[in-house]
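Visitor: Structure below; questions to follow.
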Amino acid sequence: MLPAAARPLWGPCLGLRAAAFRLARRQVPCVCAVRHMRSSGHQRCEALAGAPLDNAPKEYPPKIQQLVQDIASLTLLEISDLNELLKKTLKIQDVGLVPMGGVMSGAVPAAAAQEAVEEDIPIAKERTHFTVRLTEAKPVDKVKLIKEIKNYIQGINLVQAKKLVESLPQEIKANVAKAEAEKIKAALEAVGGTVVLE
């Protein structure tokens, strides 16, 4: 008990405390889930009994079971329409099917064999860009070759072109379109050079 001198100061607090006890004694619906679980022993046992175990079969809500039954009764055309509508509604992009080994084992053997043959044969792509490389030069035609090289390499003078021809093989131009590479090759071979397109 509080001393008599302190009672006037604590009076309002004691009144609140008494009101709280009175409120707690009444059966007021619980707001807090933890207090609700603590206060109702029977409901707590039901909640624990309803928790799924790892090895127990999962029980699905009746709404889900009804959906499965409804979908199972649809025809293939109706399933296709349902699939299309779900993709539009849920904004799912259409992704092609990726065949798996187990699924494809007996499904379409001829198509699978055709795909296997196509995968084994490498497709030769036609190259579109080449590197023009000068490999040899005839000593008689060096002067003509130096002048022609000066036409195809920008910013090179005669001395640099002469050094380039004397230290073969050399790259003349890289990453050139096929038509231009053949044009350069024809021009350099016309003045006595041996050119390789790589």
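The backbone N, Cα and C atoms fix where each Cβ goes, and this holds for glycine too.
Grabbed the feature section from Swiss-Prot, which reads as follows:
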TRANSIT   1-36  transit peptide
MOD_RES   LYS125  N6-acetyllysine
MOD_RES   LYS138  N6-acetyllysine
MOD_RES   LYS142  N6-acetyllysine
MOD_RES   LYS144  N6-acetyllysine
MOD_RES   LYS150  N6-succinyllysine
MOD_RES   LYS150  N6-acetyllysine
CROSSLNK  LYS150  ubiquitin cross-link
MOD_RES   LYS162  N6-succinyllysine
MOD_RES   LYS163  N6-acetyllysine
MOD_RES   LYS173  N6-acetyllysine
MOD_RES   LYS178  N6-succinyllysine
MOD_RES   LYS178  N6-acetyllysine
MOD_RES   LYS185  N6-acetyllysine
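Can you tell me where each of these features sits in this structure?
Guide: Remark: LYS125 (N6-acetyllysine) has no non-local neighbours by Cβ distance under 8 Å and separation of at least 6 in sequence. Secondary structure at LYS125 (N6-acetyllysine), taken from DSSP and collapsed to helix, strand or coil, is coil.
Spatially close to LYS138 (N6-acetyllysine) yet at least six residues away along the chain are LEU145, GLY192, GLY193, judged by Cβ distances under 8 angstroms.
With a cut-off of 8 Å between CB atoms and residues at least 6 apart in sequence, the same chain places LYS162, VAL165, GLY192 near LYS142 (N6-acetyllysine), listed in sequence order.
Taking all protein chains in view, 16 other C-beta atoms sit within 10 angstroms of the C-beta of LYS144 (N6-acetyllysine).
There are 17 other Cβ atoms within 10 Å of the Cβ belonging to LYS150 (N6-succinyllysine).
Following the DSSP three-state reduction, the secondary structure of LYS162 (N6-succinyllysine) is helix.
Around LYS163 (N6-acetyllysine), taking its Cβ as the centre, 12 other Cβ atoms fall within 10 Å, counting all chains.
Every protein chain shown contributes to the tally, and the Cβ of LYS173 (N6-acetyllysine) ends up with 17 other Cβ atoms within 10 Å. Under the three-state DSSP scheme, LYS173 (N6-acetyllysine) falls in the strand class.
Contacts of LYS178 (N6-succinyllysine) defined by a Cβ separation under 8 A and a same-chain sequence distance of 6+ are given as ARG127, THR128, HIS129, PHE130, in order along the sequence. Following the DSSP three-state reduction, the secondary structure of LYS178 (N6-succinyllysine) is helix.
A simple way to gauge crowding: the CB of LYS185 (N6-acetyllysine) has 21 other CB atoms within 10 angstroms, across all the protein chains here. The secondary structure of LYS185 (N6-acetyllysine), as reduced to three states from DSSP, is helical.
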Visitor: Cα distance, LYS150 (N6-succinyllysine) to LYS144 (N6-acetyllysine), nearest Å?
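Guide: Cα of LYS144 (N6-acetyllysine) to Cα of LYS150 (N6-succinyllysine) measures 10 Å after rounding.
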Visitor: Work through the modified residues one by one (LYS150, LYS173, LYS185) and name whichever has its CA nearest to the CA of LYS163 (N6-acetyllysine).
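Guide: Of all the candidates listed, LYS150 is nearest in space.
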Visitor: Let me know the DSSP-derived helix, strand or coil state of LYS138 (N6-acetyllysine), please.
Guide: coil
Visitor: Rounded to the nearest Å, what's the C-alpha distance separating LYS185 (N6-acetyllysine) and LYS173 (N6-acetyllysine)? Just drop the number here, would you?
Guide: 10
Visitor: Near the Cβ of LYS162 (N6-succinyllysine), how many other Cβ atoms are there if near means within 10 Å?
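Guide: Excluding its own Cβ, LYS162 (N6-succinyllysine) sees 16 Cβ atoms within 10 Å.
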